[in-house]
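Asks: Sharing a structure here in structure tokens format.
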Amino acid sequence: MASNNTSQRSGFSSFFCRLKTYFCNHFLCLFVLSFFPLSFRRLCLLCHLCEKSNLWLSSDNSASVVKQEREVLPTNVKPLHYDLTIEPIFDNFTFKGEETIDFQVNEKTNFITLNSLEIEVQEAKIDGKSVTDISFDAGKQTVTFKFDDDLSTGSIAKLYIKFTGELNDKMAGFYRASYQEDGKTKYMATTQMEPTDCRRAFPSYDEPAAKSKFTISLIADKELVCLSNSSEKETVSLDGNKKKVTFQTTPLMSTYLVAFIVGDLRYISNDNYRVPIRVYSTPGTEHLGEYSANIAAQTLKFFDQQFGIDYPYDKLDMVAVPSFSAGAMENCGLVTFRTVDLLIDADNANVNTKQRVTEVVMHELAHQWFGDLVTMEFWDGLWLNEGFATWMSWYACNSLYPDWKVWESYVSDSLQHALTLDALRASHPIEVPVKRADEINQIFDAISYSKGSSLLRMISKWLGEDVFVKGVSNYLKKHKWGNTKTSDLWEALSEASGEDVVKVMDIWTKNIGFPIVKVEEIGNGEIKVTQNRFLATGDVKESEDKTLYPVFLGLKTSEGVDESSVLETRSKTIKLPTSDDFFKINGDQSGIYRTAYEPARWTKLGKAGVEGKLSVEDRVGLVADAGSLASSGFIKTSSLLDLVKSWSKESNYVVWNEILTRIGSIKAALMFEDEATKKALEIFTRDLISEKLKETGWEFSADDSFADQQLKSSLFASAANAEDPEAVAFAKEAFAKFIAGDKKAIHPNLRASIFNTNAKYGDEKTFDELYNIYRNPSSVEEKIAALRSFGRFTKPEILDKVTGLLLQTDIVKQQDIYIPMQGLRAHKLGVEKLWTWLSENWDQIYILLPPGLSMLGSVVTLGTSGFTKEEQKKKVEEFFAQKDNKGYDQSLAQSLDIITAKSKWTDRDAKSIYEWLEANEYTK
């Protein structure tokens with residue numbers, strides 16, 4: 001699944017990839033980039049049938065029951081096939097259904113337990129005999145059917161269930177998605193089963209290892225479109241203007257990948273692939289699916305070739321769903337998307353949106369093999385799905401669109417997202433033990449998406465991309481239609497490469513965090529490298545520093561990059577192969593760690609960057625490492641400022657993006673400091689970018705490359721945000737023309753920045769104008785940009801209006817609540833207002849976004865992590881100490897870590913930052 005994290009650090013990303021993972025221009029604080037489980041966050045998980053050693057016999061019925069470490073179903077039966085018929089009833093937002101599940105009986109038993117949530121069972125039969133002993137466990141989300149007679153071992157049992165449920169508005173299970181058409185609210189019925197919401201749609205064995213076949217039928221009004229995972233088998237007319245559409249039986253798949261949709265839909269098709277490709281959307285928007293359909297055709301061909309396995313399903317439908325919590329969902333053969341991540345006017349979209357849509361489509365299609373065809377055994381293997389799909393989307397994009405140079409962006413995007421979150425004490429290993437269903441959504445974060453993909457990139461660099469992809473192909477062929485553990489992938493890569501991948505990667509996947517590698521120059525052409533755990537707060541305890549990672553040092557010298565040297569102990573001495581005093585650790589930034597040099601080496605590397613001795617990835621990594629080391633206290637922030645000041649002539653967009661992000665993180669940390677320091681930092685920012693901004697300007701032409709467009713838009717956004725008079729004046733003038741009817745006055749690449757700037761300086765009239773754009777947009781992209789800008793207003797009475805909209809789901813969709821919150825986080829008044837809103841409306845928020853869904857943790861993080869002071873942190877702790885933290889406890893812990901890190905940073909460096917700005921004459 002693609003995360004709903006919409007940060008546009010580079011436009012090609014991640015939150016993410018349930019984060020991926022969307023639409024933000026810049027998060028001022030780098031720390032928060034990781035915390036929108038992208039959706040950016042994604043969904044996927046529960047638990048699997050345990051090993052025999054983890055079972056015990058219950059004395060009353062002899063059925064194998066899993067120990068309570070993990071909430072999974074008994075293994076006395078195994079589902080083989082579901083024959084499911086379901087009908088949505090839009091008049092009262094309910095649905096009714098019936099199913100017959102074929103089970104293989106593994107042992108003599110007199111009961112079957114299934115997952116069920118908010119489902120009313122009206123009737124049940126086992127092998128045609130009525131079942132009346134039916135009990136529910138709301139806490140475990142199960143229903144148990146107890147029979148008069150035992151089922152015999154080895155037999156096939158048929159359990160018939162007739163049921164009803166709510167066509168809910170929670171964007172989970174079988175739910176209703178609303179949209180406007182001709183001023184009227186209309187609905188479609190759609191599904192989101194991942195991670196554990198198939199149980200909301202029909203009673204099921206809702207665990208990823210319980211793969212079954214499904215024959216699905218939908219009953220609906222004749223004029224509505226019905227879709228499911230497989231192609232249509234037959235349609236039968238029913239009384240009352242109804243029809244029953246039955247679909248072909250699916251191949252083996254997990255319940256979280258089941259999908260069905262009923263609605264008034266139109267489609268555009270692409271015939272450039274061997275199976276039909278269609279993009280569905282609400283009437284009048286279908287033409288906006290052409291770009292994604294073309295991307296899909298190219299991508300499926302590419303993956304067929306790379307994996308050596310043809311796309312495994314009989315069609316590909318991609319559907320834009322108007323109410324959708326994640327970025328996208330990889331249901332077999334029926335992929336669902338947020339509208340903004342599928343539909344695009346390619347001729348009028350900004351470059352970051354185009355890149356985002358491309359990445360999301362590629363990510364979901366990679367899942368059709370990696371996740372759907374071959375599926376994780378249980379949910380602590382989530383990263384297998386998400387990390388690989390993220391890596392594969394970058395790999396495919398680099399192959400199909402080499403001019404985009406996405407691996408350069410990767411270092412500033414996925415890698416930094418991963419390192420940022422994993423530097424928190426409240427992070428988690430790539431492989432996470434999951435006990436309860438309400439814990440699952442919390443691990444749809446940058447660790448699953450970005451650290452997972454970063455680890456795979458590191459392996460691919462070590463083994464070579466061709467060998468890596470060959471190993472993956474072998475893995476898919478060996479395990480197709482089955483389930484796997486992480487070790488299965490490592491073994492396949494070991495066999496393909498001859499390297500001991502299992503030994504190396506077990507350490508990376510099963511331990512929290514990553515190291516900082518300190519480089520000491522000891523003379524005689526030798527350096528000593530030492531690894532310790534890195535924390536954003538800079539206060540690692542001895543007990544937290546036990547893991548020794550296999551660190552691929554990637555020693556770069558004038559002779560190239562030596563990939564053979566690995567640091568597996570605490571320290572190691574290395575003889576440099578050259579005597580010209582040029583070296584850098586982590587060449588091309590392939591490794592997952594930070595590097596700390598002696599002060600003189602930072603200066604020399606800064607000079608090497610200017611002289612062209614460092615690759616784009618090296619330069620990005622150097623800035624990122626300096627920024628992270630400054631915020632955590634390993635170096636002074638003035639050293640970071642010295643480095644970026646020396647690179648004012650930098651020409652690469654990705655490097656500039658990292659520079660501006662790091663300055664943004666300083667600004668966020670200083671948010672509650674004195675105005676003089678903040679004003680001086682703005683003056684420095686304007687001076688830093690002035691020469692390059694004058695060179696590039698912000699006019700766009702048909703001759704501009706992808707990178708040219710990104711650089712112009714990024715520099716303009718930073719100039720306007722730093723109150724550059726010329727940029728601000730242009731933003732105001734362009735907006736006035738736009739409001740007056742000149743729709744060409746705002747270039748798509750500048751739209752978000754211009755909206756934000758006008759909001760920042762705007763009044764009630766400006767708010768009304770942006771609100772009108774939001775309610776009557778010309779594109780989804782324009783709608784999102786207007787919504788995000790709401791948070792940029794600074795007048796208290798307008799901020800009251802903005803926060804007043806957050807819980808009005810008829811105006812701001814539940815899925816979009818975080819978008820104006822991102823804007824509010826950009827300034828001091830907004831951060832304070834956001835906390836006031838969160839604390840005063842908590843009970844209502846908790847009802848709207850219950851902990852079992854993925855968005856509550858994101859809202860908690862957004863509403864709290866903008867703070868920078870210990871007294872503010874204490875206020876947050878005291879508030880949540882009185883609340884039930886279930887379902888968002890990890891997000892809260894991470895947010896508190898973020899506040900601590902910023903508090904320590906400002907206590908340590910605020911004075912020296914001002915002194916540096918003063919010494920460089922930025923305080924006038």
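The backbone N, Cα and C atoms fix where each Cβ goes, glycine too.
Annotation source Swiss-Prot lists active site, proton acceptor at E364. The annotation substrate binding site is assigned in Swiss-Prot to E194, G327, A328, M329, E330, N331. If you look up Swiss-Prot, you'll see H363, H367, E386 marked as Zn(2+) binding site, on the strength of sequence analysis. Here Swiss-Prot flags N92, N229 as N-linked glycosylation site, drawing on sequence analysis. Positions annotated as N-acetylserine by Swiss-Prot, on the basis of experimental evidence: S58. As annotated by Swiss-Prot, signal peptide applies to 1-45, with the evidence given as an author's statement. Swiss-Prot lists Y449 with the feature site 'Transition state stabilizer'.
I would like each feature placed in context: is it buried or exposed, what are its neighbours, and how far apart are things?
Replies: Just so you know, the Cβ of E364 (active site, proton acceptor) picks up 30 other Cβ atoms within 10 Å once every protein chain is counted. E364 (active site, proton acceptor) falls within a helical segment according to DSSP.
Around the Cβ of A328 (substrate binding site), the number of neighbouring Cβ atoms within 10 Å comes to 33.
Sequence-distant contacts of H367 (Zn(2+) binding site), defined as residues of its own chain at least six apart whose C-beta falls under 8 angstroms from its C-beta, comprise M1, E330, N385, A389.
According to its DSSP assignment, N92 (N-linked glycosylation site) is coil. There are 8 other CB atoms within 10 A of the CB of N92 (N-linked glycosylation site), with all protein chains counted.
The Cβ neighbour count for N229 (N-linked glycosylation site), using a 10 Å radius over every protein chain in view, is 25.
If you draw a 10 Å sphere around the CB of Y449 (site 'Transition state stabilizer'), it holds 43 other CB atoms from the protein chains shown. In the three-state DSSP classification, Y449 (site 'Transition state stabilizer') falls within a helix.
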Asks: Could you tally the C-beta atoms, other than its own, that fall within 10 angstroms of the C-beta of H363 (Zn(2+) binding site)?
Replies: 36
Asks: Give the maximum pairwise CA distance in Å, whole number, for the residues E194, G327, A328, M329, E330, N331 listed as binding substrate.
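Replies: Between the most distant Cα atoms of the substrate site, 13 Å.
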Asks: Looking only at C-alpha atoms, tell me how far N331 (substrate binding site) is from E386 (Zn(2+) binding site), rounded to the nearest Å.
Replies: 14
Asks: In terms of Cα spacing, which of the recorded positions N92, N229, E364, E386, Y449 are within 10 angstroms of A328 (substrate binding site)?
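Replies: Those near A328 (substrate binding site) - Cα within 10 Å - are E364, in sequence order.
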Asks: List only the single closest residue to E364 (active site, proton acceptor), chosen from the recorded positions N229, M329, E386, Y449 by CA-CA distance.
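Replies: Nearest in space to E364 (active site, proton acceptor), counting only the recorded positions, is M329.
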Asks: Given a 10 Å Cβ-Cβ cut-off, pick out the one of the binding-site residues E194, G327, M329, N331, E386 that has the most other Cβ atoms nearby.
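Replies: Compared across E194, G327, M329, N331, E386, the most Cβ atoms within 10 Å surround E386.
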Asks: Using C-alpha atoms only, work out the spacing between N92 (N-linked glycosylation site) and E194 (substrate binding site) and round it to an integer in Å.
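Replies: About 25 Å separate the Cα atoms of these two residues.
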Asks: Any idea what the Cα distance is from Y449 (site 'Transition state stabilizer') over to E386 (Zn(2+) binding site), rounded to a whole Å?
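Replies: Just about 5 Å between their Cα atoms.
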